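Below: one structure, written as structure tokens.
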Amino acid sequence: MNDAALPPDVSAALANGLQAQSLDADFAAPLLRYLTLLVRWNKTYNLTAVRDPREMVTRHLLDSLAMQPYIVSGTLADLGTGPGLPGIPLAITRPQLQVTLVESNGKKARFMREALRHLALGNARVAEARAEAVDEPAAYDHLTARALDTLAGIIAVGGHLLRPGGSLLAMKGVYPREEIAALPAGWRVGDVHPLQVPGLEGERHLVVVHKD
């Protein structure tokens, strides 16, 4: 399945979304290759509940890339990444970022390995394990989690991976006031950024939590 097998408006939707997010149009080609592979594998392996490639552009690619301005370089562990979201789009658009894709589901891990090979994406690797089982203490500058758990839950399973002074960047819908109030000792909110995702209705926030 090549890019031409996608509905004809998918490429335009992605191009418009990248422009709205002030991202280079050259990123469209590798992102479309990733999307094409995801659509193909999803028919057999049920990697995501989103089936429509047009929806995947908005709800997967552009939503993932909304956090891109806040992660520039360093090391990143993407916890519960599923089929590689947001980790693979971030690795594509931030080549200076070293990304570890943490996922315990074997089908999703196999898909991601194939995607990294297909894209020749040398700045990302797959850790097929639950986050709490990854034995790399204080190895990462950043953690991301897009739809994994509450803030406290993310910290409970993956906080050991973050170096002191590092940041957890968690994608949330409405402002998570109660989750912020329930942060464990040694963790504090640095910023909460309202996000605008092209084509996506509803509130989105990026919560940046620092490890003291």
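One-based numbering along the chain as shown.
Here the Cβ of each residue, glycine as well, is placed from N, Cα and C on the backbone.
Given the structure is predicted, the values throughout are model-derived calculations rather than measurements.
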S-adenosyl-L-methionine binding in Swiss-Prot involves Gly80, Leu85, Ala131, Glu132; of Arg113, Arg117, Arg146, the partner in that site is Arg146
The largest Cα to Cα distance in Å among the residues Gly80, Leu85, Ala131, Glu132, Arg146, listed in the record as binding S-adenosyl-L-methionine, is 19
Cβ neighbour count (10 Å, all chains) around Gly80 (S-adenosyl-L-methionine binding site) is 22
In three-state DSSP terms, Glu132 (S-adenosyl-L-methionine binding site) is classed as helix
When each of the binding-site residues Leu85, Ala131, Arg146 is scored by other CB atoms within 10 A, the minimum falls on Arg146
